[in-house]
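Among the features that Swiss-Prot reports, signal peptide is placed at 1-21. Look at Swiss-Prot and you will find Cys55-Cys63, Cys165-Cys586, Cys349-Cys383 tagged as disulfide bond, backed by similarity to another entry. Per Swiss-Prot, the feature N-linked glycosylation site maps to Asn139, Asn282, Asn295, Asn340, Asn422, Asn444. Feature annotation from Swiss-Prot assigns Cu cation 1 binding site to His144, His480. Under the heading Cu cation 2 binding site, Swiss-Prot lists His146, His189, His550. Per Swiss-Prot, the feature Cu cation 3 binding site maps to His191, His482, His548. As annotated by Swiss-Prot, domain 'Plastocyanin-like 2' applies to 216-373. According to Swiss-Prot, the domain 'Plastocyanin-like 3' annotation covers 431-566. Residues or ranges marked as Cu cation 4 binding site in Swiss-Prot (evidence: similarity to another entry): His477, Cys549, His554.
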Amino acid sequence: MKFLGIAALVAGLLAPSLVLGAPAPGTEGVNLLTPVDKRQDSQAERYGGGGGGGCNSPTNRQCWSPGFNINTDYELGTPNTGKTRRYKLTLTETDNWIGPDGVIKDKVMMVNDKIIGPTIQADWGDYIEITVINKLKSNGTSIHWHGMHQRNSNIQDGVNGVTECPIPPRGGSKVYRWRATQYGTSWYHSHFSAQYGNGIVGPIVINGPASANYDVDLGPFPLTDYYYDTADRLVLLTQHAGPPPSNNVLFNGFAKHPTTGAGQYATVSLTKGKKHRLRLINTSVENHFQLSLVNHSMTIISADLVPVQPYKVDSLFLGVGQRYDVIIDANQAVGNYWFNVTFGGSKLCGDSDNHYPAAIFRYQGAPKALPTNQGVAPVDHQCLDLNDLKPVLQRSLNTNSIALNTGNTIPITLDGFVWRVNGTAININWNKPVLEYVLTGNTNYSQSDNIVQVEGVNQWKYWLIENDPDGAFSLPHPIHLHGHDFLILGRSPDVTAISQTRYVFDPAVDMARLNGNNPTRRDTAMLPAKGWLLIAFRTDNPGSWLMHCHIAWHVSGGLSNQFLERAQDLRNSISPADKKAFNDNCDAWRAYFPDNAPFPKDDSGLRSGVKAREVKMKW
């Protein structure tokens, strides 16, 4: 396998970006009616829901149930469904596994015997109870419910070393229980080192209203980079060199080998004249994707569980950890169409050995054949996501009242191949989670936990994140926050990712660039290379919440901090039953680690530069 050091990476950055979907050798005439077709036909019936009140329909997706619709403030009110959805996720590992593109991997980890686990589905307002059984041979685990706010349930966030001890291997188990206070599309994944890169991921669909009408819900469509080596080995390699390109890209678990033609293209069935909702999820460890469907536009209706006003695009940048719900109007001639992935930003935001990763969107009645039109190259998004989406549920701030507070600076920098936040690479303690400090009233937190204490009830907190302005080389980062959506008040000027033009936030110039009038709101946003990002969230959800880069190698290398929000309120919110479950799980883990574990902890303990500083309001 080829690995690039930083020097080699820089030398290759100006190579042309990958272009468009093209058939792998020897695939012409192959029967492309894959199991995805059947799965998604059933999804068209299962997903979407009816809201209990029967008002949600193809001609009125804005309605949900009596008293609840697209304009309801879901942070203040949630339907009382009286339902609990129960799931069981069993984690296992397999040796010498034949992958989707025919290449044998010496080890994979699975959820319910699949590298993409079952979809967790519920209606807005349901409780969800998930039993996780860890049958891995030597790894602990914890499962994080990405993007779910966990309002008043921080203890269910699923982050080992923060909200819990890991679940021990060889049969250890844990029951997570939380309420679906939001709706839309997300995913779950392991938060134990880089473990999710070995296959421990799965979609989440919370049925609810939508900002535009559609006929068919196609269900979740996860996309991920795919490596023939294990994530564990890749983490160790990235501690000494730049990351390798992915070996392939999976579309809903399917892929074609770029040279042998082994495997299958994922296929999605469209009905002529119908509008289809597709739930896009980037579950990668490193690759960001530019997506386009030949001869079709996409209308965005949701970004990271935040419903937005319909926004039409011809192509879409999907960063690691991000989700978009889009509507595709099947208004073209009956036929087969390439759904293409390309890599922009001079490959600063990902690369693959498969130069033409693609899936097939097939109209009902079309022949089972490869598409013939490769389409045209989409615009290069330069590793930047959309920042002009308008949320349906509005949040606005007066940006003129923002003042910098340099006393709350949180520098995040690259030191060799170690990422440091506030001068420290986060290194959580599996045996003593931060929540244990909170439960016992111990405020002597470890420096390596990178804790920023945040107080004040329902106050807006502002954070300016600057991307390694003093370093010689900088990369874009998908910044993800647990427990909250954040308002994107501004970012540095759009430039090419390769330019490495330095942009340090200058209040005299950049205050005018800020937008507080219902700006884009989400839980994962791109921090430009050598640039800045200014975000805000409200202190309405007590918890210890990670903010981290969602590139697995970077968070594994330390790029993360914790916002400990309203610690005393957090302590008071935890029930005796949850506290007992927490202690029982930690006792089980400590009986295993480190004395009975065959391997030491060799990274931050999470999935495994930049400055962040708090900005306060003037009074």
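Just so it is clear, glycine is given a Cβ too, placed from its N, Cα and C backbone atoms.
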Anything within 10 Å of Cys383 (disulfide bond)? Look among the recorded positions Cys165, Asn444, His477, comparing CA atoms, and list what you find.
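Candidates kept after distance check: His477.
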Would you identify the secondary structure of Cys549 (Cu cation 4 binding site) according to DSSP, in three states?
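It is in a strand.
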Want to know which recorded positions, from Asn282, Asn295, Cys349, Asn444, His477, Cys586, are within 10 Å of His146 (Cu cation 2 binding site) at Cα; which are they?
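So the list reads none.
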Rounded to the nearest Å, what's the C-alpha distance separating Cys63 (disulfide bond) and Asn282 (N-linked glycosylation site)? Just drop the number here, would you?
28
Within the domain 'Plastocyanin-like 3' (431-566), how many residues are helix, strand or coil going by DSSP?
25 helix, 48 strand, 63 coil
Reduced to three states, what secondary structure does DSSP give Asn295 (N-linked glycosylation site)?
coil
Say you check the Cα of Cys586 (disulfide bond) against those of the binding-site residues His144, His480, His482; which is nearest?
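Of the binding-site residues His144, His480, His482, His144 has its Cα closest to that of Cys586 (disulfide bond).
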Anything within 10 Å of His550 (Cu cation 2 binding site)? Look among the recorded positions Asn340, His477, His480, comparing CA atoms, and list what you find.
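Correct set: His477, His480.
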What's the CA-CA gap between Asn139 (N-linked glycosylation site) and His191 (Cu cation 3 binding site) in angstrom, rounded?
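Approximately 12 Å lies between the Cα of Asn139 (N-linked glycosylation site) and that of His191 (Cu cation 3 binding site).
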Per DSSP, His144 (Cu cation 1 binding site) is which: helix, strand or coil?
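Assignment for His144 (Cu cation 1 binding site) reads strand.
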Give me the Cα-Cα distance between Cys549 (Cu cation 4 binding site) and Asn444 (N-linked glycosylation site), rounded to a whole Å.
26
To the nearest whole angstrom, what is the C-alpha distance linking Asn340 (N-linked glycosylation site) and Cys55 (disulfide bond)?
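Their Cα atoms are separated by 36 Å.
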Given the recorded positions Cys165, His189, Asn282, find the one whose Cα is closest in space to the Cα of His144 (Cu cation 1 binding site).
His189
For the domain 'Plastocyanin-like 2' (216-373), would you mind checking the mean pLDDT of the predicted model?
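So the average pLDDT across the domain 'Plastocyanin-like 2' (216-373) works out to 97.
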Name the one residue among Asn282, Cys349, His480 whose Cα is closest in three-dimensional space to that of His191 (Cu cation 3 binding site); these are the recorded positions.
His480
Provide the three-state secondary structure of Cys586 (disulfide bond) computed with DSSP.
helix
On a count of neighbouring CB atoms within 10 A, which of the binding-site residues His144, His146, His191, His480, His550 is highest?
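When each Cβ's neighbours within 10 Å are tallied, His191 tops the list.
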